[in-house]
Amino acid sequence: MKVTEVVLRQMKMKMKSPFTTSFGTFQDKEFLLLEARDETGLSGWGESVAFHSPWYNEETLKTNWHMLEDFIIPNLLKKEIEHPDDVSEVLSYIRKNNMAKSTIEGAIWDLYAKQKGIPLAKALGGSANQIEVGISIGIQNTIEDLLRLIEEYVNEGYKRMKVKIKPGWDVEVMREVRKHFPNIPLMADANSAYRLKDISLLKQLDEFNLMMIEQPLASDDIIDHAILQKEINTPICLDESIHSYEDARKAIELGSCKIINIKIGRVGGLTEAKRIHDLCLEHHIPVWCGGMLEAGIGRAHNIALTTLSNFVMPGDTAASSRYWEEDLIDPAVEVENGMITVPEKPGIGYAPNLETIKKFTVYEKTYS
Ligand SMILES: O=C(O)CCC(=O)c1ccccc1C(=O)O
Ligand SMILES: [Mg+2]
């Protein structure tokens, strides 16, 4: 296969409500979309999950644009590619910049599946027809606000509640949540807000029977997490620390975590995500698919990945309507009783809505 033309679009979409983590608040979502066209007129689509600011990792939508325009697109344009698995090999001389690489890799996977006439999920080797999803709830102004939201999402059927925590919004908050919802599948995500010196505070979370605590310590750490895991009963799930198969292998070997959150962009694409999935399966480490407040294209990729067999815990891929008044795909991603039905159409299985995409495009450029 060959990509003959690429369109890069810078998007800006207003979120229905702000989303706050330990590192900052999202009001608008600014991100890149990449459309990879072949000579027959088919298009594959990818979404960059890099944010406007480098607060989750070091990438931003502008570093992604730079890497794509100056290195990645020139490397892949008009190049004969046997299989999407080869894309990461072609790009392997570029260090890091995983989200930039993943943007085009995802588009090429979608294009490949469309050329074959099969769903992306099938192309990846997935078999689930439906996937279970949970929801991630940002830091709120008051505990009452949080309890109200949880109630709402429990009633909507989401299979797992993830509560963002940070110093000053942690043990008391989780205690109240547990008190009001004694039986819900519940977890906390710290986005690297703590250090080993906070071990006694983190131990207190053991009381609340959490499914896991996500990324409590530094975003580049697997050593201190291994120390912490020996001291607490709550399973640690790594997010920010895992950028590759090698990172996952080392974290598993060290005992830094018992669960891994796989985000396609963070690990450089679907091929690497699949490799990490397979490694975790071998080592009896359950995985789930993380979210980056994606619009429809990114959400569709997450759904396809989640059909692989070791995605045994509900992920963060909530309904489009939880984030957007209007999403970029037809139909929008819908969740019923905490389940998403995996589309059966070729590729990502949701049609990019070119009119809506145009409406939210700030700037675009074509490479051919
Ligand atoms: O709803 C989603 O897409 C997941 C939200 C979420 O938890 C998150 C949002 C932005 C940055 C990092 C994270 C995270 O998983 O750590
Ligand atoms: Mg996280």
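Using N, Cα and C of the backbone, Cβ positions are placed for all residues, glycine too.
Heads up, TrEMBL stuff is auto-annotated, nobody curated it.
Summarising the annotation, TrEMBL assigns domain 'Mandelate racemase/muconate lactonizing enzyme C-terminal' to 143-235.
Around LYS164 (active site, proton donor), the C-beta neighbours below 8 angstroms that are at least 6 residues distant in the chain are THR20, THR21, SER22, SER136, ILE137, GLY138, ILE139, ALA188, ASP189, ALA190, ASN191. A strand conformation is recorded for LYS164 (active site, proton donor) in the three-state DSSP classification. Feature annotation from TrEMBL assigns active site, proton donor to LYS164.
The annotation Mg(2+) binding site is assigned in TrEMBL to ASP189, GLU214, ASP239. Sequence-distant contacts of GLU214 (Mg(2+) binding site), defined as residues of its own chain at least six apart whose C-beta falls under 8 angstroms from its C-beta, comprise LYS162, MET187, ALA188, ASP189, ALA190, ASN191, ILE236, CYS237, LEU238, ASP239, ASN261.
What TrEMBL lists as active site, proton acceptor is LYS263. Sequence-distant contacts of LYS263 (active site, proton acceptor), defined as residues of its own chain at least six apart whose C-beta falls under 8 angstroms from its C-beta, comprise VAL49, ASP239, ALA273, CYS289, GLY290, GLY291, MET292.
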Binding-site residues: ASP189, ASP239 - member with fewest neighbouring CB atoms within 10 Å: ASP239
Non-site residues, in chain order, whose CB comes within 8 A of the mean position of the CB atoms of ASP189, GLU214, ASP239 at Mg(2+): LYS162, MET187, ALA188, ALA190, ASN191, ILE213, GLN215, CYS237, LEU238, GLU240, ASN261, GLY290
Entries of LYS164, ASP189, ASP239, LYS263 (recorded positions) sitting next to ligand 2, with Cβ under 6 Å as the cut-off: ASP189, ASP239
